[in-house]
Amino acid sequence: MASRRVRGCRLSRRHEWEEGTDTGGKVSPGYTDGHDVNSHQDYRRGGGKTPNYRSEKHPSSVHAGQPKAAPSVTLFPPSSEELQANKATLVCLMSDFYPGAVSVAWKADGSAVTQGVETTQASKQSNGKYAASSYLSLSPAQWKAGGRFSCQVTHEGSTVEKTVAPAECA
């Protein structure tokens, strides 16, 4: 299983990370064109949960000539700044998938979590593929309790799961 460090946090994933994945600014709050999903600071820059998406809805069917593409998924832990403000939001970023329909499930220590979940509608990127975000809002105490939190993204019958735990974060 591959892993990648994000601001002192070691994230596990079942699929390889594509270096330099550019989302064109439509994946997360506060993004503008040219920011990279690899940057933890960029996704936090917006400070809120209202994404700056274009209002383009995904089509209901696959267009001829457009191949299916699995999502690139990244899970970010709460930032230290957010924890100091007595908040704890996990952010699951999904990008570069086609067609534009995904389902997201959150888990805490293997058990389904439905409260505190907010998932955006898929938005078309400049490359013709789609992006979306899902947020899990916790209390700092819930985050620091030491459990493992997972974001499971299902697209076209395949599931990608990313997991993070406070013990893996600096």
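A Cβ is built for glycine as well, from the same backbone N, Cα and C atoms used for every other residue.
Bear in mind that TrEMBL entries carry predicted annotations, made automatically and left uncurated.
Database features, via TrEMBL:
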COMPBIAS  1-13  compositional bias 'Basic residues'
COMPBIAS  33-45  compositional bias 'Basic and acidic residues'
DOMAIN    71-165  domain 'Ig-like'
REGION    1-73  region 'Disordered'
By DSSP, how many residues in the domain 'Ig-like' (71-165) are helix, how many strand, and how many coil?
10 helix, 53 strand, 32 coil
Averaged over the domain 'Ig-like' (71-165), what pLDDT does the prediction give?
96
